[in-house]
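Listed in TrEMBL:
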- 41-100: DNA-binding region (DNA_BIND)
- 91-153: coiled coil (COILED)
- 1-15: compositional bias 'Polar residues' (COMPBIAS)
- 20-29: compositional bias 'Basic residues' (COMPBIAS)
- 39-99: domain 'Homeobox' (DOMAIN)
- 1-33: region 'Disordered' (REGION)
Amino acid sequence: MYPNVYTSSIPQQAGESKPARPRRRRKSKSVAVVGGEGSNGWFRKRKLSEEQVRMLEMSFGDEHKLESERKDRLAKELGLDPRQVAVWFQNRRARWKNKRLEDEYTRLKNAHENVVVEKHRLDSEVLHLKEQLHDAEREIQRLAQRVEGAISNSPISSVSVVANQTTPFFGDYEVEVGDDSDGYQNLFYSPEYIDGFEWISPFV
């Protein structure tokens, strides 16, 4: 009675293949580099010649920045597209900056290594000077002890000690104390001999 409903409810038998889906075509990526303009408005990639690279390098050496007028002039002289010249200058500036960073890093690294070596050398020199200073202090102390011992054992020091203990050079005044309250009445002079001469007393 309902043939369409019956046939739609029957499961698909094994082995029957499903209809293949059409594959999607991948969009081709166009490269806007150099060369003549194609039909799609982009450029075909073309390797630069040695002469073109040399001329671009000379121009880059003169000025790293690329103005619009200069870009058009270079493109016309070298037979290139202005966009190709701009891309080349952009890549060349990036390599130039990276090279500068590498050179600066190498310079700073070498300077740091030289500073470390110099620091080790100065540390060793300071240690050596401290040892020399310690040895000099010990030698000064040893010499001071020897000089002190030599002075204490010298005959000059013994003579000076004995001279300090002898009688005064011009003799002494002696006082006899008696009953008299005035002690100056019994004052007399005691002579001393100096170099074989006897002092003459004026009271004789």
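Each residue, glycine too, has its Cβ placed from N, Cα and C.
Remember, TrEMBL labels are computer predictions, not curated facts.
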Looking only at the coiled coil (91-153), what is the mean pLDDT? 93
Within the DNA-binding region (41-100), residues counted as helix, strand or coil by DSSP: 43 helix, 1 strand, 16 coil
